[in-house]
Amino acid sequence: MKPFDVEFVIGLSGYFVKDLEAVRQSPTYDPLVDNIAPRTPGFQQVVQAGQVISILLWLPNGQLAVGDCVDVIFSGAASRDPLFIANEHLPLLESVVKPWLLNCDITHFRPNSIRVDSPWPELQDLRLHSAIRYGLSQVLLSATALVHSCSAAEIITREWGTSIIDRPVDILASCHRNDFLQLDRMIMKQVSMLPHASFIHVHDLGPQGTTLLEFVEKVSRRVQERGVSGYRPRLHFDVYGTMGDLFPDVDELVSFLGEVQRVAQPYDLLIESPIIADTKAAQTQLLRDLRLRLRERSIPVQIVADEWCNTLEDIREFADAGAVDFVQIKMPDLGAIHNSIDAILYCRERKVGCCLGGSANETDVSARITAHVAMATQPDFLLSKPGIGADEGVMILTNEMLRTSAVARKSRLYKI
């Protein structure tokens, strides 16, 4: 079956995009005032509204498949594709991608996703932007599911030989650092992991990290005081390399992580991107050394990789190197969805933890697709998205996973 029409619609993303390099390099950065110059190519301001391109694909049976082209908040950083500017991609979508889509057999997903991700002869053997590849693969997965009158998760299980799990995957609820009412709502809802709470600039940590220590202790105490008996979430904090900036000596960094773990008790602790190096090789080596030192000193802090771990090959390298406890599989960075599926299955094979993540900058459409990928591949946890309202992202992901599980049970019962 082939589609009979396609349209590309520019819309809004779930959050915004930010110039990470400019923020990290400026001690005077004020998130509410445009008071510093951008440093990353493509940015006109340090913070800009995020854009998406929705792909609407009409099928001959009258059904409509949708996918959203979207990038991450910190576009252009640490080997990522440049900032996604929607208008720049419309001519190429109309002239090159549209004719291919209208001639595409959507009976199967995997070969189409691989084709989308490959170099295009029409583009002098260059690849499409990762955001375009991500959105195209979403719409193609949705279309194949519509052709077969089944869920997107079921298409993945058929083409990769996996099974749909019978319960939702854990979700890391991404909360604002200064919104304790939001944190209380996540505690009330008993989310499995919280609060993410980004620390983007070294000044966010406070003198010798005291602000971070106080915050972690406050989160731990709040869970103990407000959570129901038996509720034991894992605590996760994303520090964007600021710990390495504050403590460039690895032994000092390990000692500080020991202090963070102490105030986080009695909960398990995950730290994302404690260090951001200048190259992938340096990043892998530093994280591997850090992880080894933590184990030598019996400090139970688990390390999550994000920056420099952007592609399927990157993820394989980090996993093979034993550099981290978890990798974040940031779906928009990986481009076409089959890469994220393969990354999860590789991590599981190598017994390395994985977060099927992405970005607050994503949309409801891409989040629902993420839920289907999760139910068919079983990552260790998801990152709540879209947005950083937490409630909305947790609701969208949880409900889509519950629906997917229910549909799978009925399909097995009636052998549909």
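Each Cβ is built from the backbone N, Cα and C atoms, and glycine gets one as well.
Bear in mind that TrEMBL entries carry predicted annotations, made automatically and left uncurated.
According to TrEMBL, the features are:
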DOMAIN    1-161  domain 'Methylaspartate ammonia-lyase N-terminal'
DOMAIN    164-409  domain 'Methylaspartate ammonia-lyase C-terminal'
SITE      H196  site 'Transition state stabilizer'
BINDING   D238, E272, D306  Mg(2+) binding site
ACT_SITE  K330  active site, proton acceptor
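Feature map: annotations from TrEMBL on the structure.
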| residue | record | Cβ within 10 Å |
| --- | --- | --- |
| H196 | site 'Transition state stabilizer' | 22 |
| D238 | Mg(2+) binding site | 22 |
| E272 | Mg(2+) binding site | 26 |
| D306 | Mg(2+) binding site | 25 |
| K330 | active site, proton acceptor | 26 |
The average per-residue pLDDT within the domain 'Methylaspartate ammonia-lyase C-terminal' (164-409) comes out at 96
Integer Å value for the Cα distance linking D306 (Mg(2+) binding site) with H196 (site 'Transition state stabilizer') is 13
Given the Mg(2+) site D238, E272, D306, its other Cβ neighbours within 8 Å of the Cβ centroid, in chain order, are H196, V239, Y240, I271, S273, V304, A305, E307, Q328
What DSSP gives for D238 (Mg(2+) binding site), in three states, is strand
Quick note, D238 (Mg(2+) binding site) and K330 (active site, proton acceptor): C-alpha atoms separated, nearest Å, by 14
In the three-state DSSP scheme, D306 (Mg(2+) binding site) belongs to coil
